[in-house]
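What Swiss-Prot annotates here:
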- LYS19, SER20, ARG24, SER166, GLN168, ASP315, LYS342: 3-phosphoshikimate binding site (BINDING)
- LYS19, GLY92, ARG121, GLN168, ARG346, ARG399: phosphoenolpyruvate binding site (BINDING)
- ASP315: active site, proton acceptor (ACT_SITE)
Amino acid sequence: MILKNVKLKSGEITVPGDKSLSHRSVLFAALCKGKSKVTGFLEAEDPLNTMSAFTKLGLKVRKVKPGEYEFESPGKRGFISPNVDLDFGNAGTGIRLSAGLLCGLPGVNAVLTGDGSLKKRPMGRIIKPLTAMGASILGLGEKETAPLKVEGKKLKSFRYESPIASAQIKSCLMLAAIASETDLEYSENILSRDHTENMFRFLGNKIEQISPFHFKIEPPYVLNGGEFKVPGDISSAAFFLVLGVLAKEGNLLVRNIGLNPARIGILKALELMGAKIEIRNQRMECGEPVGDLKTYPSILNKTNIPKSLIPSIIDEIPILSVAGLFAKGGFEIRHAEELRAKESDRIHTMVSNFRALGIEVEEYPDGYAFDGTSPQSLEIWKFLASGKKISILSHMDHRITMSFLIFKTLSGFNLHIDETSWIETSFPGFEKLLESCLDE
């Protein structure tokens, strides 16, 4: 266990808009013929790349002010084949969901690509079910990776049992069915994020819920323009929740955060560890639950993270693991093999960086465990506390970078993180906001 070493200014903060909802607001605005509006849009590289891709297909975009955009779409029958590749940068959500949508647009042909990191991420998980729907989609990279070549066509009715709980697979197939005006019946073994379903309902559509993890949609679909309000991203708030509960003094009130039941696993996991976090001012906006979160300095302990929580905390596991460094008894995460398919292999990345800190970590195919109190780690921590520098490798991963910036702040250790520019993919202004929270 590492000692806490930071005091906070008690006050209110806001974090950027939800990344998942920002991507989806562009996709539904594109599907809806006519005008739509979004407020609270995350102006970070990933969703902006999705927006840029659809402008090349015929979507008109006007920025009203920071975070607020107006869209005018020709509708799904009015899109054109772009004369350039659609570059999604590092946006795995953007490329997978857009691939599904474009597969269902007859006559629209496109190549979807991204940066070096994105080209390593698995695409077979969407290619296989889309192909079974009748789609024409090829992974041009090794092992069915991006670039993706799509030739839009009319798709057939489809029933799919997903082998993994994945909101990206589910949303990809939903958007393919919606674009192609066809039926989809979908089931999964654990409930994944349901932002796409909520936005779909918000537009006036019905979903037949066969069981908690099994649903069906069928045309005709209602695709009229609307106003989408994007709340703050709980995955971004998670960094400041951990900062708040591990501070020696001070409270943070993080305002206007999306509290979708499939996303609040981070709150449940932190509470299982002993964190005190209060939910205030709960309300509904555009089909999504929203509220404010207040943190209190807490004493954390090792706990068992239930398998059922893993899909809802998959993006927050790096920062949750950092919290584990300050917990009595250490930390263990299992059933999280999906971490290996993120922006980096997050299991290996976290393990290697923890080992650089001198922590004895047991790596598993689906996670890792550490107690944090070995003689070797205690010697290294004394070494770090004396001001000696140690290097942390980000592996081009924004969440790894931000997690270790929080660790550096809490511990006071002189860490050097090789590159912090990756933060721009999801949280512009992160370091400035972090600095503003500290009571010097």
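Glycine is no exception: its Cβ is also placed from the backbone N, Cα and C atoms.
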Same-chain residues at least 6 apart in sequence whose Cβ lies under 8 Å from GLN168 (3-phosphoshikimate binding site): GLY92, THR93, ARG96, LEU97, ARG125, ILE126
Cβ atoms near GLY92 (phosphoenolpyruvate binding site) (within 10 Å, other residues, all chains): 20
Binding residues LYS19, SER20, ARG24, SER166, GLN168, ASP315, LYS342 (3-phosphoshikimate) - maximum C-alpha distance in whole Å: 19
Residues near LYS342 (3-phosphoshikimate binding site) in space but at least six apart in sequence (CB under 8 A): GLY92, ARG121, ILE314, ASP315, ASP397, ARG399
Number of Cβ atoms other than its own within 10 Å, given for LYS19 (3-phosphoshikimate binding site): 24
Surrounding CB atoms that lie within 10 Å of the CB of ARG121 (phosphoenolpyruvate binding site), all protein chains: 19
Most Cβ neighbours inside 10 Å, all chains, among the binding-site residues ARG346, ARG399: ARG399
Surrounding CB atoms that lie within 10 Å of the CB of ASP315 (3-phosphoshikimate binding site), all protein chains: 26
Neighbour-count leader, CB within 10 A, binding-site residues: SER20, SER166: SER20
ASP315 (3-phosphoshikimate binding site) - helix vs strand vs coil (DSSP): coil
Tertiary neighbours of ARG24 (3-phosphoshikimate binding site) (same chain, Cβ under 8 Å, six or more apart): LEU97, SER171, HIS195, THR196, MET199
ARG346 (phosphoenolpyruvate binding site) versus LYS19 (3-phosphoshikimate binding site) - Cα distance in angstrom: 19
